[in-house]
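For reference, Swiss-Prot has these:
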type: ACT_SITE; residues: Ser558; note: active site, charge relay system
type: ACT_SITE; residues: Asp641; note: active site, charge relay system
type: ACT_SITE; residues: His673; note: active site, charge relay system
type: CARBOHYD; residues: Asn75; note: N-linked glycosylation site
type: CARBOHYD; residues: Asn78; note: N-linked glycosylation site
type: CARBOHYD; residues: Asn86; note: N-linked glycosylation site
type: CARBOHYD; residues: Asn94; note: N-linked glycosylation site
type: CARBOHYD; residues: Asn151; note: N-linked glycosylation site
type: CARBOHYD; residues: Asn253; note: N-linked glycosylation site
type: CARBOHYD; residues: Asn448; note: N-linked glycosylation site
type: CARBOHYD; residues: Asn605; note: N-linked glycosylation site
type: SIGNAL; residues: 1-18; note: signal peptide
Amino acid sequence: MGALRWLSLAAAASSALALTPEQLISAPRRSEAIPNPSGNIAVFSSSQYSFDTHESSSAWNLLDLRSGKITPLTNDSNVSEIVWLNDSTLLYINGTNAQIPGGSELWVSGLSNFPSGYKAASLPASFSGLKAVTTKSGDIKFVAYAQSYRNGTAYNEELAETYLSSARIYDSIYVRHWDTYLTTTFNAVFSGTLKKTQHARYASAGSLKNLVAPIPNAESPYPPFGGSSDYDISADGKWVAYKSKAPDVPQANHTTAYIYLVPHDGSETPVPINGPGSAPEGIEGDSNNPVFSPDSKSLAYLQMKDPTYESDRRVIYIYDLASKKITPLATEWDRSPDSLKWTDKSTIVAGSEDEGSGNLFLIPVKKATGDFIPEKLTNGKYASAFYLASGNTLVVTGSTLYSSWYVDLVSLNPKRGTIKNLVSAHEIDPELSGLGPEDISDIWFAGNWTDIHAWVIYPEGFDKSKTYPLAFLIHGGPQGAWYNSWSSRWNPKVFADQGYVVVAPNPTGSTGYGDELTDAIQNNWGGAPYEDLVKAWEYVRDNLDYVDTDRGVAAGASYGGFMVNWIQGSDLGREFKALVTHDGTFVADAKISTEELWFMEREFNGTFWDVRDNYRRFDPSAPERILRFATPHLIIHNDLDYRLPVAEGLSLFNVLQERGVPSRFLNFPDENHWVTSPENSLVWHQQVLGWLNKYSGIAEDNEDAVTLEDTVVPVVNINPPA
């Protein structure tokens, strides 16, 4: 039986101001707050785009962890990475180099007079992901990553050799990944040392060491989403651990990744601690997030079991550097943690998706064996980063559906939970003014085979005695979820503030609700998930009196785009006034054109040639489904989307046009699976919201609603006049 769970007094009219696409895109975007060793100040970066100047600005700021007061540190856009050396000294990467075109530099600055810092080292290329520790000797040991040649030297784009031909030649896959054609360069972690000179200033001591190049075909961080969480440096400065996809198996067919351990000075060949022959046996999936304990004696990391499944459950493992023994923790815990931090030598905090939120969990290492279930430290919001501030307190950075950024102080005592909210974006940013927890609630309802969760997001001035058209949003993945978190791309509140009640379900295949729900989508893309969505729509129709399903619209991206295409040829498709597909698959046989072959082979239980019927079982392009197409349909597909190539969107548009279904095709030649450029994002929002508003009637009801005509880009239409 379904139930509506109000997170606050949403029955009262919301005081929120309407969140427009322009406000969403131009609102400040902030990084995690990183505390100094004493835990009284944190540093974070911010960036902001202006539609007046059509430029972005960036800055670094300080957050007082007692008062929540924010003060500027620097607005120098060349400052790209900052780490604390002590309570009052910062080490950072300067993105320019006066002597080396395309190079960068390491600088040291004091907190009280940041502009008076000095250059400590020259770097031969563009570097990112700085991590550093100060050893007992006073030396600074650091690591960062850059592109590399196979000979171990750093790749500098401005100094690189160019060829007269544009040809690309491949003898193996990948050919391209995400939005990039592979080349002979790769990501690599480099290590270096800074020593104090006789003038009490730090300076480079020796050349950088490439810690990845000694392993043929290794790469760290691993693209497209790898970053500094793919590696770590021990507190004593002696060791570096990094993740790399396994170089001994075909990377396009496996998710297998190893954690390599190597001396910081590169004096020994990196060793894969969980490579072939290591214990526990049979654990061969993706590895990530290596983190050293504060005493440098242990290394925690996450690993999946299945070498072909990107959404397998992650388990925490502890590697003892002395004995080389590996111990799994909380193996019966039905969650999949994605981040780890040690608070002391015997305690770990893990972050994990958890029923539509991102919560933190406390794990005492010695007690967390067997069927141990961790206790929650947070509950309800989405914690994206966390650091030990001092004593028993964490500094937690995250977001919610109504706030793009918050920083909380959270106790390591589960009974205390959140001690204090220091700052929240919706309380300090004019663009988000008035947004709050009253804008959202959630529902649980009976799905195809189990209870299903969905978020409900309300429009500006919501009054439950009135009715609002339904905006039905379908997430991608397919192993993904709608969370109580902010998005600058698919933001439910922006949809809601056009005048909709947004319902965002987490059907079969969604993550954060246990393995069984996540795994049940395998070879079942148009089965149980579709039935869950039908039941979600029916629950809304029958139970939420303030929602007008007769004027409903639906939209989805990636797998959500596939589902919208599937809905177009299904009974549910006739219940919507308009549909939007963003980068969705349409033709079953086209799945072989993707890059990560292990994904499709796992989802459909075999290769394209061995189990072709599995690939075609839920085919939106089947003739009998095409004959049912009738609902006006907007298609977005981008040229740099190599996961689902642009031909998928063009194929769907061709069919809709020939069938006479009102349709439009939106294409960005310089965007990938996502739309991230601010100006492109504005057009995306204008077209998506304008399309939905046109057919739902919102455009007639709300004079401030976005319309298709808001876009200044000309529309190509060479059809003869009707």
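Every residue gets a Cβ built from N, Cα and C, even glycine.
Features recorded in Swiss-Prot, as mapped to the structure shown.
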| residue | record | DSSP (3 states) |
| --- | --- | --- |
| Asn75 | N-linked glycosylation site | coil |
| Asn86 | N-linked glycosylation site | strand |
| Asn94 | N-linked glycosylation site | strand |
| Asn253 | N-linked glycosylation site | coil |
| Asn448 | N-linked glycosylation site | coil |
| Ser558 | active site, charge relay system | coil |
| Asn605 | N-linked glycosylation site | coil |
| Asp641 | active site, charge relay system | coil |
| His673 | active site, charge relay system | coil |
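Of all the glycosylation sites given, namely Asn78, Asn94, Asn448, the one with the smallest number of surrounding CB atoms inside 10 A is Asn78. Once Cβ contacts within 10 Å are tallied over all protein chains shown, the recorded positions Asn75, Ser558 are led by Ser558. For the pair formed by Asn94 (N-linked glycosylation site) and His673 (active site, charge relay system), distance between Cα atoms is given as 30 Å, rounded to the nearest Å. Using Cα positions, the member of the recorded positions Asn253, Asp641, His673 nearest to Ser558 (active site, charge relay system) is identified as His673. Distances between the Cα of His673 (active site, charge relay system) and those of the glycosylation sites Asn78, Asn86, Asn253, Asn448, Asn605 are shortest for Asn253. The number of other Cβ atoms within 10 Å of the Cβ belonging to Asn151 (N-linked glycosylation site), over all protein chains shown, comes to 7. Rounded to a whole value, the Cα-Cα separation of Asn605 (N-linked glycosylation site) and Asp641 (active site, charge relay system) is 24 Å.
Looking at Asn151 (N-linked glycosylation site) and Asn253 (N-linked glycosylation site), their Cα atoms lie 27 Å from each other. With all protein chains in the displayed structure included, the most crowded Cβ environment within 10 Å among the glycosylation sites Asn253, Asn605 is that of Asn253. Cα of Asn253 (N-linked glycosylation site) to Cα of Asp641 (active site, charge relay system): a distance of 19 Å. Comparing CA positions across the glycosylation sites Asn75, Asn78, Asn86, Asn448, the one lying closest to Asp641 (active site, charge relay system) turns out to be Asn78.
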